[in-house]
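So that you can see what the record holds, here are the features copied from TrEMBL:
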ACT_SITE  SER184  active site, nucleophile
ACT_SITE  ASP366  active site, charge relay system
ACT_SITE  HIS399  active site, charge relay system
DOMAIN    52-109  domain 'Partial AB-hydrolase lipase'
DOMAIN    116-238  domain 'Serine aminopeptidase S33'
SIGNAL    1-22  signal peptide
Amino acid sequence: MLNFSSVLTLLVLFFVSPNVSAIDKVFPGNAKDVDIIIKSSISDDDDTICKSLVQTQGYACEEHKVTAKDGYILSVQRIPVGRSGKTASKPPVLLQHGLLVDAAAWLMNTPDESLGFILADNGFDVWLANTRGTKYSRGHTSLSSNDSAYWEWSWDELVQYDLSALVQYVQYKTGQKLHYVGHSLGTLIALAAFSEQGKLINMFKSAALLSPIAHLNQIPSQLTKVAAQLHIAEVRSLSISFSSVNFNLFYSDSDVLGPILEKICNEPGTNCSELMTALTGPFPSIARYKSLTSMAGELLKHEPQPTATKNIIHLSQMIRTGTIAMYDYGSEDENKEHYGQSDPPAYNMKNIPTELPLFLGYGGQDMLADANDVKALLNDLKDYDNGELVEVYSEEYAHADFVLGVNASKVVYDPMISFFDIHSS
């Protein structure tokens with residue numbers, strides 16, 4: 001039976017240095033305005049995603065490190081071949097996980113049910129990203145993850161630095177343009193980057209966005225809305241007795257989350273009797289998952305992962321205001337200091353180039369990427385030609401199904417792979 005701590009960690013789960021063999025300073029492609037330091041390595045450490053989740057399934061796996069322009073050192077896993085051992089014949093695919101998880105989320109089910117393995121077995125060169133701050137991406141050129149300054153970032157920095165570094169790295173190592181798969185927060189950072197129409201977009205063949213997060217003002221989850229409305233000062237006052245708490249780091253530990261969730265659940269109009277369902281939609285459905293107990297146990301070996309408090313605040317701002325914009329520092333003066341204007345600059349989804357093929361998968365039971373919000377995003381993309389924008393909608397799917405559903409291969413991944421094949425030339 002799951003204990004209280006396990007329930008708490010599952011609740012927040014979907015809310016949302018190795019030996020270096022080579023170091024190069026590179027300016028891949030035509031993006032010479034972004035420096036990345038590339039560190040390729042095969043790790044001997046037993047505590048890696050490759051050794052714990054990939055090689056145990058009979059797949060070759062490589063551990064890589066990429067240092068972004070602002071000093072964060074990111075862990076990347078590569079599955080270069082499928083179980084057959086044949087060299088990948090198709091382009092690279094970069095998989096970017098969502099909030100409070102890491103690349104392990106793509107590998108939790110059997111090889112026939114997990115997207116990371118399915119893509120490798122279908123001939124793609126698979127690259128698994130791990131966002132800054134997660135267990136295997138805790139490095140920095142000058143900061144410790146114990147430093148408050150280490151956690152001074154939101155998803156703006158994931159757009160500006162992490163995604164840029166990862167995409168350039170994969171192109172540099174493979175010499176090819178790549179396909180992209182994002183889930184939840186992994187879709188938001190991609191959409192924001194695409195809307196900026198920078199040089200990075202020329203490195204993509206296509207992008208698949210699962211449970212896409214952009215517009216968030218129609219979220220039906222009352223719990224999520226209440227959480228977003230809580231001012232961070234209230235959250236801090238709730239945990240004032242925890243003297244060791246670093247408030248720049250968003251903890252996924254029950255000692256810190258317990259009082260916060262108690263505050264949320266006591267707000268008028270909230271019902272915490274079914275916490276996971278209330279936040280993200282039904283999770284999990286026995287019809288679509290392995291045993292709930294075994295799935296939860298496996299998840300808790302690897303997840304949840306921490307993130308920056310500033311990142312959570314930024315997402316809350318989107319829910320409260322209904323805008324897709326950069327982080328709001330809370331005053332006109334501070335915003336002017338950072339942006340040269342009183343309001344944070346907006347990410348305009350209508351600016352996404354229609355030449356970039358997009359695949360969108362969304363579900364009718366998703367309480368975070370609500371179908372009405374996804375339809376608002378689709379309206380922003382209405383200038384796309386037929387075939388360049390593909391939608392897959394499943395009425396029964398909730399937020400986690402697109403990563404953990406055992407029938408996702410049939411419902412989502414098969415049509416996505418067909419989409420990639422069409423756009424692989």
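Cβ from N, Cα, C; glycine included.
Values in this document were obtained by computation on a predicted structure and should not be read as measured data.
Around HIS399 (active site, charge relay system), a 10 Å sphere centred on its CB holds 31 further CB atoms from the protein chains shown. A sphere of 10 angstroms centred on the C-beta of SER184 (active site, nucleophile) encloses 29 other C-beta atoms. A distance of 5 Å separates the Cα atom of HIS399 (active site, charge relay system) from that of ASP366 (active site, charge relay system). Per-residue pLDDT, averaged along the domain 'Partial AB-hydrolase lipase' (52-109), amounts to 95 for this model.
Counting only the Cα atoms, the space from ASP366 (active site, charge relay system) to SER184 (active site, nucleophile) is about 11 angstrom. Sorting each residue of the domain 'Partial AB-hydrolase lipase' (52-109) by its DSSP state yields 11 helix, 21 strand, 26 coil.
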